[in-house]
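Asker: If you scroll down you'll find the structure; I have some questions about it.
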Amino acid sequence: MSHSQEKIALITGASSQGDIGTAICRKLASQGIHIFFTHWNSDTAWIEEFQQEILRMGVRCEAMKIDLSDAHAAFTIHEKISDKLGYPSILINNAAHSASDNYVSLDAKSLDEHYAVNMRSNFLLCVEFARRFKKSNLISGRIINMTSGQDLGPLPGELAYAATKGAISAFTRSLSQELAPLGITVNAVNPGPTDSTWMTDEIRNFLSPKFPMGRIGTPDDAARMIAFLASDEAEWITGQIIHSEGGFIRG
């Protein structure tokens, strides 16, 4: 990605102080990248405060509250970012829907809810990004999706989540081939279990012994990997599912 090219990043799912999306916004802003983030079910006062925090880093920042389960969300988001900041050269699909279900509880409603956010929204954001990128004067771009290690082992009790996240890996690999001629790299990151807003003390105590490095991953760990993939140095990396989870031991 050319250093003379103004960089604008679109990040979905930055909805609370301690989540991965928020850490990604901070990391990219610290590198001089303008930020557009989406959120949902967030405290309005916190969103405004966080936006001001990013602005104090010397970059532009816009936020948008949107329900990604809406079939028109991808188009709406790209229209808004183009109007407010310009064409993004970086897309990070961080938002996800997750609800526990097993063979007893899984139903059409749960499948549809997971599909709408984890697959449809993600995929449409990617292709809308690429279509607009092709019409722009941007030289190279980055798409970074998020997976959950479903390639490395089973996730019992998370059937819809595991299936829809697994689809992201397949989509990432295929899309990378299509977009390579445009100068867009497409990768996915599995950050492993991350000590963010979802993790309770019970879960934390259960997972801690499974990390040989002596600690659970943090949102900043994920943000550093994503920032690297969004950088100029990662221009030769595409079609990869990167497991950045501190040697996490499954089973």
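The count begins at 1 with the first shown residue.
Note: Cβ is positioned from N, Cα and C throughout, glycine not excepted.
What Swiss-Prot shows for this protein is this:
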ACT_SITE  Y161  active site, proton acceptor
BINDING   T12, G13, A14, S15, S16, Q17, G18, D19, I20, G21  NADP(+) binding site
BINDING   S148  substrate binding site
Asker: Using Cβ atoms only, which residues of the same chain lie under 8 Å from S16 (NADP(+) binding site) while being at least 6 residues apart in sequence?
Answerer: T22, S42, D43, W46, T197
Asker: Going by DSSP, give the three-state secondary structure for S16 (NADP(+) binding site).
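Answerer: S16 (NADP(+) binding site) sits in coil per DSSP, no helix or strand.
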Asker: Among all the protein chains here, how many other CB atoms are within 10 A of the CB of T12 (NADP(+) binding site)?
Answerer: 29
Asker: Look up the residue listed as 'substrate binding site' in the DSSP assignment and reduce it to helix, strand or coil.
Answerer: coil
Asker: Non-local Cβ contacts of Y161 (active site, proton acceptor) (under 8 Å, 6 or more apart, same chain)?
Answerer: A96, H97, S98, A99, S100, D101, H114, N118, S148, L155
